[in-house]
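Data block below; observations after.
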Amino acid sequence: MANVVVIGAQWGDEGKGKITDLLSKSADVVVRSQGGVNAGHTVVVQGQTFKLHLIPSGILYPDTECIIGSGTVIDPKVLLEEIDQLHRLNVSTENLFISQTAHVTMPYHRLIDGASEEMRGDRKIGTTGRGIGPTYADKSERTGVRVLDLMDLDNSQDKFVWAIKYKNVILEKLYDLPPLDPQEVIEEYRAYADALRPHVVDSSLKVFEGVNAKKNILFEGAQGTLLDIDHGTYPYVTSSNPIAGGACVGAGIGPTIIDRVIGVAKAYTTRVGEGPFPTELDDEIGELLGHVGAEFGTTTGRRRRCGWFDAVIGRYAARINGLDCLAITKLDVLDSLDEIKVCVAYEIDGEACEHFPSNANLFARCQPIYKTMPGWKQPTSDCRSLDELPKEALAYLKFLAELMDVPIAIVSLGAGREQTIIVEDPIHGPKRALLDRNGEPIG
């Protein structure tokens, strides 16, 4: 039995959805612990593409319980659209459960999110405009609406009316936007409540019952380490904690429950929105990575910025999360390159630096120090074992493992489930990896 956390080791979009989908086959329960519809993950099964935002990837396995935890923020309209999409694809949501204490995104959250981002001008942080930040802000301000309020609208209607009137003042006076009609909003959300009611539970208790029953539990992270509100590239971050520690808080369990942490990283680096990005490529190679890697956001459709693998932020993610092993994704995107660069350190104002600087202004001045490696110039998407990989690709993986001091357990070579090299099931198998801590193949 093992309880496993899957987190993003970069700026999100690392391929966590595919890795979680692979591991969900061996999991009894999959828990989404933070974030909202600002996150997006794509899973491809037998040529069919599933794009999910709030619902855990484990929903594609009919016997797997999927829990949306209390650390998330829920837009009921989008969630119901997602449920409807799954039903049209003949996927059951009978095993989907929603935390009664998760906070609810309201129409005014989306309006304020968009208006405040516009007001920032050239100081934009790259929000998705989905109302996530304002929802978390109300949670911290203790004026938020929770799912349990939504389920008890007859008794909590005064709370809804007060919140809408309060936000109307902000919409009108600060952003010059028309006010919302409280009764219209309440009736809209009453319909959402009726549709979601069968799924609402005490999520912390449900997870705890799974732990006591010795079930395999998979905690699915959203976004990535460098987007963490406390440990990321602030202020260009999300409003929650996508790191491994955040899984405990968002799921309502203690840290001793967690057995291992898997970090997911692309074989290169991407970032969406604003903020410093030392290895960003504005040339034809950056364009190639974006084109071959189909680097467009699942949630926003925005083009992702692309660059070389950054081992400095990789080491930082390993430290912050206590990574046990890595899943490296999209190795196949590098197949056509003559040479591949890896950022091994930074230069800041003429001084070498091997550690991630928390100061955003300092980080913006970082110049990458690269190690150049030969490319392999042959396709890898059909490889199913380490022995089938070109020696240059294996050397590249070995180098990444050495730089991060974390073994590589999974190598993904495409979007499909079958396009994966894996030796041991990270949930049921022993704590070993495809590459050991010295980067040597296990065989």
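Cβ atoms are placed via backbone N, Cα and C, with glycine included.
Sequence annotations record features per position, and here Swiss-Prot assigns GTP binding site to 12-18, 40-42, ARG304, 330-332, 412-414 based on sequence analysis. Take the CB of LEU331 (GTP binding site) and look out to 10 A: across all protein chains shown you find 25 other CB atoms. DSSP classifies LEU331 (GTP binding site) as helix under the three-state reduction.
Within 10 Å of the Cβ of ASP13 (active site, proton acceptor) there are 29 other Cβ atoms, across all protein chains. Feature annotation from Swiss-Prot assigns active site, proton acceptor to ASP13.
Under the heading IMP binding site, Swiss-Prot lists ASP13, GLU14, GLY15, LYS16, ASN38, ALA39, GLY40, HIS41, THR128, ARG142, GLN223, THR238, ARG302, citing sequence analysis as support. All chains included, 26 other C-beta atoms sit within 10 angstroms of the C-beta of HIS41 (active site, proton donor).
The Mg(2+) binding site feature in Swiss-Prot is assigned to ASP13, GLY40; the stated evidence is sequence analysis. Counting every protein chain shown, the Cβ of GLY40 (IMP binding site) has 21 other Cβ atoms within 10 Å.
Look at HIS41 (active site, proton donor): DSSP puts it in a strand. According to Swiss-Prot, the active site, proton donor annotation covers HIS41.
The annotation substrate binding site is assigned in Swiss-Prot to THR298, THR299, THR300, GLY301, ARG302, ARG303, ARG304. Its own atom aside, the Cβ of ARG302 (IMP binding site) has 13 Cβ atoms within 10 angstroms in the protein chains shown.
For LEU331 (GTP binding site) paired with ASP13 (active site, proton acceptor), the C-alpha to C-alpha distance reads 14 Å. Proximity to GLY15 (GTP binding site), judged by a C-alpha distance within 10 Å, picks out HIS41 from the recorded positions ASN38, HIS41, THR128, ARG302, ARG303, ARG304. A strand conformation is recorded for ARG303 (substrate binding site) in the three-state DSSP classification. A C-beta separation below 8 Å, combined with a sequence spacing of at least six in one chain, links LYS18 (GTP binding site) to HIS41, THR42, VAL43, VAL44, THR329, SER412, ALA415, ARG417, THR420. Here GLN223 (IMP binding site) is positioned 4 angstrom away from GLY12 (GTP binding site), judged by their C-alpha atoms.
Taking only the Cα positions, the spacing between GLY40 (IMP binding site) and ARG304 (substrate binding site) is 13 angstrom.
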